[in-house]
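Shown next, in structure tokens, is the structure this report addresses.
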């Protein structure tokens with residue numbers, strides 16, 4: 001049997017899932033962390049619950065990838081490298097170059113490198129991952145799958161900002177969005193659950209995790225999305241601020257006497273639930289404190305829910321209603337109270353969450369009441385499987 005590996009390389013990490021094909025069964029998954037630091041950590045899950053863990057230095061992505069592939073052989077997961085016939089790489093920023101997933105060649109790698117200014121923490125690391133796998137698996141069918149491609153064809157009225165048009169022409173100043181692979185996956189599953197073609201549906205997909213984005217989907221395509229030029233925009237997140245008045249950013253930056261880079265760092269890593277609660281970026285910690293009377297945590301949760309509610313409401317207006325609202329990712333999949341709260345506040349639109357159906361974690365399910373006008377669906381995301389599907393589609397076209 002041939003195997004396909006889906007890869008997500010971060011600035012100091014490599015995460016992967018290995019699939020048997022064509023069954024699409026996951027035979028191994030894991031990650032290597034702290035690449036480039038004094039001591040790294042590798043963890044691989046395989047077989048019937050077996051786990052391999054090791055602490056050792058990984059000076060760069062190349063050594064991490066070589067270790068990973070060697071371990072797949074050492075653990076008996078594959079017998080030889082050439083069993084892995086395809087590699088799919090998740091890439092954060094595809095700009096306006098890439099409106100779909102593509103087979104990787106030298107030109108594609110050059111473009112990914114050029115787009116690094118749009119995602120300086122991600123694209124360079126992802127390019128290192130591509131090169132590392134190409135060195136060890138030179139004959140594997142390699143594909144790049146972009147977080148931004150799903151949103152690249154959204155209407156200009158939603159993609160562009162109300163700033164001088166030449167900023168878009170000269171600098172690519174527009175909304176690129178993120179989590180596109182996740183939104184595509186759950187939208188396709190929603191269509192199957194509803195028994196209708198995706199092209200005939202109006203959906204609002206809510207990827208609510210540490211990073212969070214909400215997308216309005218019309219005729220199977222992204223119509224609008226909450227994240228913007230970067231993944232910092234949109235709803236309140238674990239450590240990210242979401243939408244903030246730019247004047248406030250400039251005002252506080254001046255008061256603190258810090259650089260633009262330091263200000264962006266604060267908005268990315270010290271804001272959101274963490275900044276509001278001054279306690280934790282983890283929703284569970286904030287909820288527990290709120291239940292014990294912590295007023296600041298109560299407020300943080302109210303703001304968090306309200307920002308999600310505002311985006312869903314605006315997208316219901318933009319789409320002229322919806323067939324379904326879909327929840328996915330860490331909070332969306334696992335937090336029944338959050339789903340119930342959002343559903344209850346959308347009752348005016350015909351949304352109704354059934355508390356009994358909603359009493360579930362991480363399981364694909366219609367959690368709406370039988371008489372709901374707009375369905376509420378819980379769909380665990382599977383970005384790696386979406387990458388595998390893109391590989392197979394491009395293989396057939398090759």
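In case you wondered, yes, glycine gets a Cβ from its N, Cα and C as well.
Quick look at what Swiss-Prot annotates:
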BINDING   8, 383  Mg(2+) binding site
BINDING   15, 207, 208, 209, 210, 211, 282, 283, 284, 330, 331, 332, 333, 334  ATP binding site
BINDING   90  substrate binding site
ACT_SITE  147  active site, proton donor/acceptor
SITE      179  site 'Transition state stabilizer'
SITE      240  site 'Transition state stabilizer'
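Distribution of Swiss-Prot features across the structure.
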residue: 15; record: ATP binding site; DSSP class: strand
residue: 90; record: substrate binding site; DSSP class: strand
residue: 179; record: site 'Transition state stabilizer'; DSSP class: coil
residue: 208; record: ATP binding site; DSSP class: strand
residue: 240; record: site 'Transition state stabilizer'; DSSP class: coil
residue: 282; record: ATP binding site; DSSP class: coil
residue: 333; record: ATP binding site; DSSP class: helix
residue: 383; record: Mg(2+) binding site; DSSP class: helix
Lowest local Cβ density among 90, 179, which the record lists as recorded positions, within 10 Å: 90
Cα-Cα distance maximum in Å, computed over every pair in 15, 207, 208, 209, 210, 211, 282, 283, 284, 330, 331, 332, 333, 334 that the record assigns to ATP: 25
Spatial separation of residue 147 (active site, proton donor/acceptor) from residue 179 (site 'Transition state stabilizer') - C-alpha basis, Å: 5
Rounded Cα separation (Å) that holds between residue 333 (ATP binding site) and residue 383 (Mg(2+) binding site): 14
By Cα-Cα distance, the member of recorded positions 90, 147, 240, 383 nearest residue 282 (ATP binding site): 240
Candidate nearest residue 147 (active site, proton donor/acceptor) in space, where candidates are the recorded positions 15, 90, 210, 240, 284 and distance is Cα-Cα: 90
Sparsest-packed of the listed recorded positions (15, 240, 284) - C-beta count within 10 angstroms: 284
Candidate nearest residue 8 (Mg(2+) binding site) in space, where candidates are the recorded positions 90, 210, 240, 284, 331 and distance is Cα-Cα: 90
Greatest C-beta neighbour count within 10 angstroms, which of the binding-site residues 208, 210, 331: 208
Cα-proximity to residue 210 (ATP binding site), 10 Å cut-off, over recorded positions 90, 240, 383: 240
Distant-in-sequence Cβ neighbours of residue 383 (Mg(2+) binding site), under 8 Å, six or more positions away: 6, 8, 90, 181, 182, 185
